[in-house]
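To start, the structure itself, in structure tokens.
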Amino acid sequence: MRILTRRLLNSTRLSVSSRYSTRVAHYARRFSTYTGDDHDFGSYSVILPEEPFVFGVSHIESRTVPAHIVKPPYALTSDGMPDPKSRQDSSKIKLGGEEESRLRAAARLAKEVRVFAGSLVKVGVTTNAIDSAVHDFIISRSAYPSPLHYQGYPRSCCTSINNIIVHGIPDDRPLEDGDIINIDITLYLNGYHGDTSDTFLVGDVVCSVQLSSLFPRLTTSMSKDEPGRELVQVTHDALERAIAVCGPGMPFKSIGQAIHDYLQDKNYSVSPQFTGHGIGRVFHSPPWIIHSRNDEPGVMEPGHCFTIEPAIIQGRNPRGWIFPDGWTASTEASRHSLSSISASYPDVVSIQNCARSAQAEHMVLITDKGADVLTR
């Protein structure tokens, strides 16, 4: 992925274009954002698709899975498409039997893999390396990495950095000090999927530097990235508020309402484009969990299992767009030339948004007495 970096200097918004991306990659934390509304979104690199654009993912070589690993039905097809009928079936299971036991086992392993993946997050490590290690870890537990080949997805987990909302494809970009990264884990074990994710902070998120060697007329210093840390904490808090309203007889729409109520007095928004979902024998099925305020019908019943996975975005613009790969979703970018500095730096452009996004996800099973978080 191509990287842009951003900073604020005397209320001037600027970022370094792809011409300088290699040169300034390790200076990413020297830049911070300016949104025009007195909100500082912190210091981080902006992820954009590489140019020239390559459409689709057919050029990405997938990892292999040993023949003895039991695969979900879609992984046995040429296009990875699930049976349309399966996506219409409810994820409701019978409590107290083999179904529940297998579902809980898949969720426990997903949590174990999530923790393992988080331990790999370090400055300089590539997301490709994380994906490879996650893939091998899952296979070693006799499970299948559910994202692999799902509707053609080429990797075994999703790694979404900074402004990427969801479905980032692991690649060879090294993680930088100051990045935040969501790692989304799903696996298939004994006929059931387990699904969970978390957002991790990369490095110490601290630096104090001057830019005179890069731009002679520009100097700045940055300190602890509180906006990034706050975003991750708000995301976890929003997830917990949503979980707290779950239980038998509760309307599904109360999840979106709880998140809305928590965020309404904060400079954050929740992505309306990506939902939680029922999970069990099928990767994605009803009930669909909408994280924004909504009037969808339906109530939670014992045996329902679903994910809650809000993607929280800095600022009040939650819209996203999809990269040419067909998967990676980013917060919106708006670019224009800056006449005041274009004479000296003709390739410098401004990004008005590209705010960061963080996501956290748990599986929730509705019981006769309440709700169990299976991936906690």
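Glycine is treated like the rest: Cβ placed from N, Cα and C.
Listed in TrEMBL for this protein:
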- 102-368: domain 'Peptidase M24' (DOMAIN)
- H167, H284: substrate binding site (BINDING)
- D184, D195, E361: divalent metal cation 1 binding site (BINDING)
- D195, H277, E309, E361: divalent metal cation 2 binding site (BINDING)
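D184 (divalent metal cation 1 binding site) sits 8 Å from H167 (substrate binding site), taking the C-alpha atoms as the reference points. Each residue in D184, T186, T196, S197, G276, I279, I289, F306, T307, I308, H362, M363 lies on the same chain as D195, H277, E309, E361 and has a C-beta within 8 Å of the C-beta centroid of that divalent metal cation 2 site, without being one of the site residues.
Under 8 Å, Cβ to Cβ, and six or more positions away along its own chain, H167 (substrate binding site) finds Y153, C158, S160, D184, W327, T328, A329. Across the structure, E309 (divalent metal cation 2 binding site) and H284 (substrate binding site) are spaced 13 Å apart at their Cα atoms. Rounded to the nearest whole angstrom, the C-alpha distance between H277 (divalent metal cation 2 binding site) and D195 (divalent metal cation 1 binding site) is 10. Taking the mean position of the Cβ atoms of D184, D195, E361 as the divalent metal cation 1 site, the remaining same-chain residues with a Cβ inside 8 Å of that point are A110, I185, T186, T196, S197, T307, E309. Mean pLDDT for the domain 'Peptidase M24' (102-368) in the predicted structure: 88.
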